[in-house]
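Everything on this sheet refers to the single structure shown next.
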Amino acid sequence: MNANRFLKLVIFLYISAGLTLLFGPKSLFPSFYKLNFMASLAFVSVFLMLLPSIIFKTSDESKKRTRSALESNIGINLLLNGAGGLGLYKLYLIGFEYDKLTHFVTPFLLTVGIYSFLRVWYKLKHIETLIFVTTGIFVAGIGWEMLEYLSDFFFDTQLLGGGSAQIFKDTAFDMVANTLGIMTAGIYIILKKNKK
């Protein structure tokens, strides 16, 4: 499946999920679902997947491919995280930390995707781009963890933090997974660059 078809499929899934969450019978959903909140996240996710095409216009084929790859990267990440929000985060109850998997995979994919995008679109130098992207993803991860922590602490969402009753411990382990994802992506990028 090419990147464009994949992105269209993910967008369709998110629009369908958002509409189902908004207009479906409430009895259909688990009690931990926050229907309006989750529906709004679904529609915001569609916007985020389309954002690169809205912002970055070009007729250059190489740049178009890179933009398409970034959109697919965003789509994969939103699909993984959306599946968690729909219930896969609850797998921690049987011993599988899906939340930690997403906290590793998301920074990894975003680091590789944004690095590749910036190198093609702006012709930035390798090491400067790598430092900029890894630092940016790390800071964004801290911001996201603060949002998760505050959401769970003040609103008892237990949705963004993966449902853990131990918020601080969950946040600390999420940051470790984020950092490992970023470091692994950095190593991957360096090894790939050195092969050329």
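The backbone N, Cα and C atoms fix where each Cβ goes, and this holds for glycine too.
Annotation comment: TrEMBL describes 7-25 (among others) as transmembrane segment.
For 37-56 (among others), the entry in TrEMBL reads transmembrane segment.
The transmembrane segment feature in TrEMBL is assigned to 76-95 (among others).
Marked as transmembrane segment by TrEMBL: 101-118 (among others).
What TrEMBL records for 130-151 (among others) is transmembrane segment.
What TrEMBL records for 171-191 (among others) is transmembrane segment. Within the chain, the transmembrane segment (171-191) has long-range Cβ neighbours (under 8 A, six or more residues past its boundaries) at 99-101, 103-109, 111-112, 115, 130, 134, 137-138, 141-142, 145, 148-149, 161-162.
Relative to the transmembrane segment (101-118), the listed stretch 130-151 leads the set 7-25, 37-56, 76-95, 130-151 in CB pairs under 8 A. When Cβ-Cβ distances below 8 Å are used as the criterion, the transmembrane segment (130-151) is approached by residues 103, 107, 110-111, 114-115, 118, 124, 157, 159-161, 167-168, 170-171, 174-175, 178-179, 182, 185-186, 189-190 of the same chain, each at least six residues removed from its ends.
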